[in-house]
C-alpha cells in the first residue's frame, strides 16, 4: 500500500479524478449513477412536510426525556430511592445517548440516513414502553431500559438536522432549523405536563411512560412514508463539486482543527450542564421550597401533587417558543452586518441567564412567584441559543461531515454536561444530608446549595461562545469554499506524517 492513491489524507482535497473520495471535491462529473443521485430534485412541498415530520418526532424525543422528571417525586416514593439514585435515571440515559452518538454519526455520513432513523425509532418505542412495566423490586430494570432509550434517540438526534441542512440553504435553512429546535423546550415542557397529568389521572406514574410510545408509532409511519433521503450536500453544492468519503480519523482531525466547532461545542457543553440539572430537579426543588414555607404538605406516598411540574412545564413551553423566535429574528437582523453575530448572541444568552437563575435559586426560600419569574426570564435568554447553535454547526462544517460533527458535539456536551449534572446535583444534596437529617427545611437547603453550581457553569459557557466569535468568520468562509469546490488544492501528505 505504497502508492499515492491509497495514502490517507488529513484534509479535504480537491480532486479531478472521476472517482473521488467522500469529503473530497471534484469539478468533474462522477459516474452516471452518482450523477443522477446528485441531481435528484426534492420539491419544496416535500421538504416542508419532511421538516414537519422531523419536528414532530423531535417533540416526542424531548417529551419522553422529561416525562421522568415530571413524575420524579412519585418514582422516589415508589422505589424508595435518594436524590443521587434518582439523578442516575437521567445520567444513564444521557450516557448511552452520548456514547452511541459517534457511532450513528459515522453511519449517518456513509449509509442510508432514513433507515438508520427508522431502526433507532423502533428501539426507542420498544424500550420506552418496556420501562413502564418495571416492578417495585426491580429498580435496576428501569435504569437499564432508560439507558436503552438513549440508543434510539442518539440515531435520530444525530442525523435529523443534517437532513434539514441538505433540504434547505441560507435563510430558509435557518428558519427550518429554528422550527426543528423550538421543539426542544416545547417537548421538554410538555413532558412535565403530560407526565404529571397522566400520573394524576391514573394514580400510577407508569402510565405516563406509555403515551409517548403510542405517539411514536405514528411518527414511525410518517418517517417511513414522508421523509426523503436527499444527497449529502445537495443544498450546498453550487460549484459542481462532488463529495465522497474520507476515513473517520480524517473527519475527526478536520473537526478538531475547526476552532469555531471546538469552542462552540464547549459552549454547548456548559449550556447542557445547566439545562440538564435545572430541567431534572426544578419541580422537586420548588416543591421542597413550598414545604419549607408551609404552603404545601410533604409527600410521603405516591402519587405526589404535580402542581410544580405543570407550572414549570408551561413556563418551559412558552419561554422556549419566545426565546427561539427572538434568537432567530435577532440573528437574521444582525448576521449580514456583524459576521460573528451568532456566537455573540449565544454568549449574551448564557451570560445574562446565569444571574437570573442565581436570583431564582436564592429567592426560592422566600418567594415562589418571584422564583418562577426569574426562571422564566432565564429560560427565555437561554432559549435564544437553540436554533443558532445548530445553524453554526451547519455552516462551519462541510456537508459530508455534519453527522459526524453532530455526533461528536453530542458526545462532548453530554459527557461533560447533562450526563453528570443531574447526578452531581443529587450527590451533593445527599452529601449534605448528614448535617441535618430528617428535616424538611434542610431537604430544601441542601438542594438549593447544590443548584448554585449552575450559574457559575453558565458564565463559563458564555466565555466559550465569546471565543467562538473570534474565529467563526474565517471558518465559515473555509467551509463554503470547500463545499463549492473553490478551495485550493492542499499539499499532499505522506503516510509517515499521518
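One-based numbering along the chain as shown.
In case you wondered, yes, glycine gets a Cβ from its N, Cα and C as well.
In TrEMBL, the feature transmembrane segment is placed on 46-63, out of the ranges 10-27, 28-45, 46-63. TrEMBL lists transmembrane segment for one of the ranges 88-108, 151-171, namely 88-108. Per TrEMBL, the stretch carrying the note transmembrane segment among 233-256, 449-472 is 449-472. For the transmembrane segment (207-227), the list of distant contacts is 46, 49-50, 53-54, 56-57, 60, 63-64, 67-68, 70-71, 114, 117-118, 121-122, 124-126, 128-129, 131-132, 163, 194-196, 198-199, 201: same-chain residues at least six beyond its ends, Cβ to Cβ under 8 Å.
Counting Cβ pairs under 8 Å that are 6 or more residues apart, the transmembrane segment (310-331) and the transmembrane segment (374-398) reach 3 or more and are in contact. Contact between the transmembrane segment (261-281) and the transmembrane segment (115-133) is not supported, since fewer than 3 Cβ pairs fall under 8 Å when only residues 6 or more apart in sequence are counted. Between the transmembrane segment (343-368) and the transmembrane segment (179-201) there are fewer than 3 Cβ pairs closer than 8 Å, counting only pairs 6 or more residues apart in sequence, which means the two stretches are not in contact.
Comparison of 46-63, 88-108, 115-133, 410-429, 449-472 by number of C-beta pairs under 8 angstroms to the transmembrane segment (179-201) places 46-63 first. Taking residue pairs at least 6 apart in sequence, the transmembrane segment (115-133) and the transmembrane segment (410-429) share fewer than three C-beta contacts under 8 angstroms.
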